[in-house]
Amino acid sequence: MLFRSVMNKPRLGYGQKGAPFTYPLQSLLQCYQCVKQDEHISYGELGMPVPPFGCAFSTVPDMSHVLAVANEEGIVRLYDTECRDMQRLLMKEFMAHTNAVFDIAWVPGEHKLVTASGDQTAKLWDVMAGELIGECRGHQCSLKSVSFSKFERAVFSTGGRDGNIMMWDTRCSKKDGFYRQVNQITGAHNAIDKQTPSKMKKRKPSIRGLAPSVDSQQSVTVVIFQDEYTIISAGAVDGVVKIWDLRKNYSAYRQDPVPVKHFPYPGNSTRKLGYSSLVLDPTGTNLFASCTDDNVYMFNATGLKTDPVSIFRGHQNSTFYIKASVSPDGQFLLSGSSDHSAYIWQVSDPMAAPVTLMGHCQEVTSVAWCQSDFTKIATCSDDNTVRVWRLKRSCEDSSESDKRDSVGWACKKKFEPSSMAANLCTPGKPSVMSSSSLTSSPTPASCAPSNTGDLPMPSSTPISALLPDPKLQTPKRINNGGLGVSPKQMSSSKMSIKDWVTRTPKSSTRTDTKTPSPRKAFTPVEQYPSVSSARVQLPYEKRAKRRLETSSEYAEHVCPDNCNCVRELEPGLKKAKLDVCFIDKERDSSDDKCLRLSDLSKGFDQELSPSPSTSLHMNATENLLQLGPLSELKSVLLDKENSSPEKNWLSALGHKFKSSPQNKASGSPSSRTSTTKKQQPRNAPNSPVSVPTPPGSMRKICTYFFKKSE
């Protein structure tokens, strides 16, 4: 009976029918803590604290509790996490490199490890003896990642800032005392240039062991093995995760290497960002890629789809030093963060709030989950410490002594609905708070330098100062009829050109008293039966935009008849026009300086002699008035008004002037001709005379406007 009862009793962790019973392990995540004995300071060569960059638990069965830590000065230390004696806690310490060690990897099943350093080399070490086995040379920049295959102990891969991925085999003989790469992928994460595609040309044979190119802008940040013949890599700027087949030769042709599969950047950022860490779950199916856009993407490494299966949010990733790790059973994901904490997500529920390991005072960079013990986690931080987190053994509440010894604790992060929505959409503009009476000036960003120099200090400005003063605003117009409604604006199609010129911002469209305009208004003049107002464009006149402001030189020129004529706005040397006021002055020899077009219709045909004050204008218009009767002048004015001038108009004018009988009868034609030649531009071409267009075929300018309705 006793034997049967023992056999029928369910085993620990199994149900009644022998099926494994799954415990809710996520409830245990909040029980992680770190005490002072598990906090280790990373010291440099001179005894000063330096930040640790990499940590990894051993893969040897009898040494799975040994933690290897590499720091910024190239020192590697081995800690026994099971030992409670502080004197025996540090197992081994040696100077691996003279530069920073960025990554570290254990040889599967052996007491050896490989370090990747900023001195452009990777070294193989015997950790028990502390001796150097071999040195790998071939990279031309810092090495950022090193990884071993689970199926091969002698083969490992490295990735560097030179953009190259190199394969190493420690079974090969050393040349010159160093290991050389057996295979390499040059420019693994170079940006694709669509305008200048690479040409298919054979590579020239190069010296074995030297990388053919250096491109620090296309750095390879992480390389891991998927299986014996496949590696996965990620870069710093291209935002693509690539899978490579090592059985293919990528250096035979001068072209960018093509991976067998790639995962494009799945985020919403306009600029493709890079990845700082890649990690596979124990089955090798799920690939976790930690991106610098504060997301961890989970891809199906064995499937055909390239879209992420899940996205883990909540942490911050602002550097390429932040790494990730997976629990031994593959149920949880661990990652460092820039907000001084480590995060743990449940893989099966990515939308659930993560558990944070708090206590560090700087960025948490490298993390490691012990593959032989679920209850043990290691974290490295920029606060120059390495911490080992363990599950609390007791189920009772912590005593006062335990709280004093605790330097790290775990808690569940609370997600706010606004923060979750902000991760899924583009942030909008902040709304203005109506309750606040002050508007603060912008504060410096968190990444701004401390030495601000002469920059102004943040201040608060009353909102009332930003509001417009009602005294400075235009008051509402009140109708004369007594109604408090402003008159209806006239449509632009029914308004004449006079309304556009004389209206001011404070005047209405129609009023009983005309509001004087600050600009000179156009005065209506009598028009010819078939000719509108005309203007002659002189030979040396330059085309420019019409301005209604008065120039400083002609500010004193006032028309005696108050005709409101439009005067010249620029000096005569720049813009000389046919000013009717100057012509009228020479005709009457009086103070009346205004000439209206109605006088021209009466047959005004006299020759004007220029006065000293108007010599500049009269020299330009003298030859034009000598053309003959008024009908010829009308024809010229009409052509200049209603048609654009031809390129040979200057030569045609001179030819017509020479052939005029009145000009032949004049006493001194040579002086006038010389004056005209001085006014002509040098580059005027000589071409035949153009025939003017008959005025009958032209449309009157007055037909383009509507009469103002009264």
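Cβ atoms here come from the backbone N, Cα and C positions, even for glycine.
Which of 136-139, 168-171, 284-287, 524-527 counts as motif 'DDB1-binding motif' depends on Swiss-Prot, and there it is 168-171.
Motif 'DDB1-binding motif' is the annotation Swiss-Prot gives to one range among 20-23, 244-247, 424-427, 564-567, and that range is 244-247. Looking at 157-164, 197-204, 397-404, the range annotated in Swiss-Prot as motif 'Nuclear localization signal' turns out to be 197-204. Here the repeat 'WD 7' (359-398) has long-range neighbours at 25, 28, 31-34, 38-42, 49-57, 59, 61, 64-65, 67, 69, 79, 81, 318-319, 321-329, 332, 334-342, 406-410, meaning same-chain residues at least 6 beyond its ends whose C-beta is under 8 angstroms from one of its own.
If you average pLDDT over the repeat 'WD 2' (96-135) in this model, you get 95. With DSSP classes pooled into helix, strand and coil, the tally for the motif 'DDB1-binding motif' (168-171) is 0 helix, 2 strand, 2 coil.
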